[in-house]
Amino acid sequence: YLDSGLGAPVPYPDPLEPKREVCELNPNCDELADHIGFQEAYQRFYGPV
C-alpha cells in the first residue's frame, strides 16, 4: 500500500506509540527515556508497558 502523496510505503503502526507520546509529554519520563530507553522509563512512571 502506497501513501497517496509521497509514494512511499506507509510505516507499520507502532502499538507503543500512544504510550511513547504519554512519556514524551512528561518531562521527567522523557528525560529518563533518553538515558535508559522508553520502555524502561515508561514502566517506572506508569507501570507495565
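If you go along the chain as it appears here, the first residue is 1 and each next one adds 1.
Quick reminder: no glycine exception, Cβ is built from N, Cα and C everywhere.
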(message) According to Swiss-Prot, one residue among GLU24, GLU40 carries the annotation 4-carboxyglutamate; which one is it?
(response) GLU24
(message) List every residue in the same chain as CYS23 (disulfide bond), at least 6 positions away in sequence, whose Cβ is under 8 Å from its Cβ.
(response) CYS29, ASP30, ALA33, PHE38, ALA41, TYR42, PHE45, TYR46
(message) If you count CB neighbours within 10 Å, which one among the binding-site residues GLU17, GLU24 has the smallest count?
(response) GLU17
(request) Please name the residue among the binding-site residues GLU21, ASP30 whose C-beta has the most neighbouring C-beta atoms within 10 angstroms. (result) ASP30
